[in-house]
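Below is one structure, written out as structure tokens, with a few remarks after it.
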């Protein structure tokens with residue numbers, strides 16, 4: 001225990017000059033901002049011509065910030081620049097309701113009306129498009145390991161999708177048909193929770209390795225907890241006020257729920273009720289964070305769980321001390337807070353030049369399915385241009401030169417051997433003549449001409465086989481004489 005306290009003290013001393021966590025905020029004005037919630041200073045601004053939609057802002061790895069303004073285009077900012085990147089154009093097929101990037105920055109999930117699209121960031125390919133909601137999707141969340149997506153919609157449905165099934169190469173040969181209780185398609189969701197009756201306002205996916213839990217809130221004044229491995233609802237909590245946002249601490253012992261009236265409520269999971277369903281009224285809920293006067297749109301807990309940061313439509317961002325429930329700092333903004341989340345300070349937030357660790361490409365227009373067995377692999381060298389390459393790698397060309405010399409020598413040897421073989425075995429020209437191409441008159445005339453002009457040649461050619469025949473006859477006679485002598489003996 002003392003060692004743990006000492007390590008936290010050392011970490012606090014190390015981060016005293018540098019901020020450990022920052023808050024990315026988007027309000028009704030154009031663009032987004034980065035804030036240090038401990039001292040209330042603005043660290044960076046990302047310019048844009050329009051306001052960012054709710055649940056439409058996310059970090060792509062630690063290198064880029066992506067957001068959408070309720071249009072078909074996803075805006076991209078380098079993490080260290082306030083200007084948008086014009087080299088990459090991420091254009092989707094419709095108005096974007098929600099988006100979220102995977103924790104590793106490889107995939108981007110986009111909600112267009114009631115459809116869910118998954119794009120690959122490094123290639124710009126549209127991997128899949130699925131639809132299970134009956135009304136528009138309002139929120140998308142990734143699991144901490146990036147293996148699952150959870151979507152919530154206006155219809156009150158909560159769908160759990162497996163990324164492995166969504167990007168399965170066999171999807172093109174299987175029809176996307178859904179049946180109640182059966183999953184006949186590889187791209188069908190793993191679970192469909194229909195316990196909520198109206199719009200989903202918040203989703204949180206736990207990080208516990210033994211039992212991953214999903215927390216959801218809805219306009220129906222309930223908060224429900226599910227087990228991801230079994231799909232069973234563990235607990236249902238009913239309130240007397242509409243919850244507008246949701247978050248859970250890192251150890252998953254306390255649930256924080258923002259309300260439409262302003263107060264933030266908390267629920268302790270270490271002492272849950274005995275029944276699966278319970279009701280908590282305003283009088284029974286003694287743990288409250290009172291300060292906001294309007295709906296709380298975003299909640300986020302710090303890494304150590306000692307502070308809580310909230311954003312509201314009353315144009316304020318508040319930092320709370322969890323143990324005492326006191327407001328430590330209030331940041332006043334010009335417009336209502338739409339999006340806000342805490343994250344560890346990106347390493348290149350204040351860097352002069354960006355050195356990206358991920359590859360980013362423009363989105364392609366159509367879904368490519370003809371190259372299902374094609375896998376595109378990117379290496380670290382693809383992140384840099386040739387003129388700006390800092391590796392200065394020089395390839396050893398001596399081996400290539402030796403191989404070229406050996407190839408030329410082998411080619412010359414082959415030509416010499418082929419020429420010598422063809423020279424020794426020249427083809428007989430008479431055998432190559434096509435007799436069917438000549439008439440009988442030509443053949444007779446040619447025969448007479450050959451007899452008149454080529455007597456000497458014919459005699460020479462005729463004497464050779466005669467000599468051979470005589471030699472054969474002599475050898476045969478000698479063999480007969482030898483046989484007779486053997487008989488006499």
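Cβ atoms are placed via backbone N, Cα and C, with glycine included.
Range annotated as region 'Disordered' by TrEMBL, chosen from 406-447, 448-489: 448-489.
The repeat 'WD' (130-163): residue composition by secondary structure is 1 helix, 19 strand, 14 coil, according to DSSP. Counting residues of the repeat 'WD' (289-330) by DSSP class, helix then strand then coil, yields 0 helix, 24 strand, 18 coil. Below 8 angstroms of C-beta separation, residues 55, 97-104, 106-107, 109, 111, 113-116, 118, 176, 178, 187-194, 196-205, 207, 212, 214, 216, 218, 220, 226, 228, 231 of the same chain, each at least six residues beyond the ends of the repeat 'WD' (130-163), sit close to that stretch.
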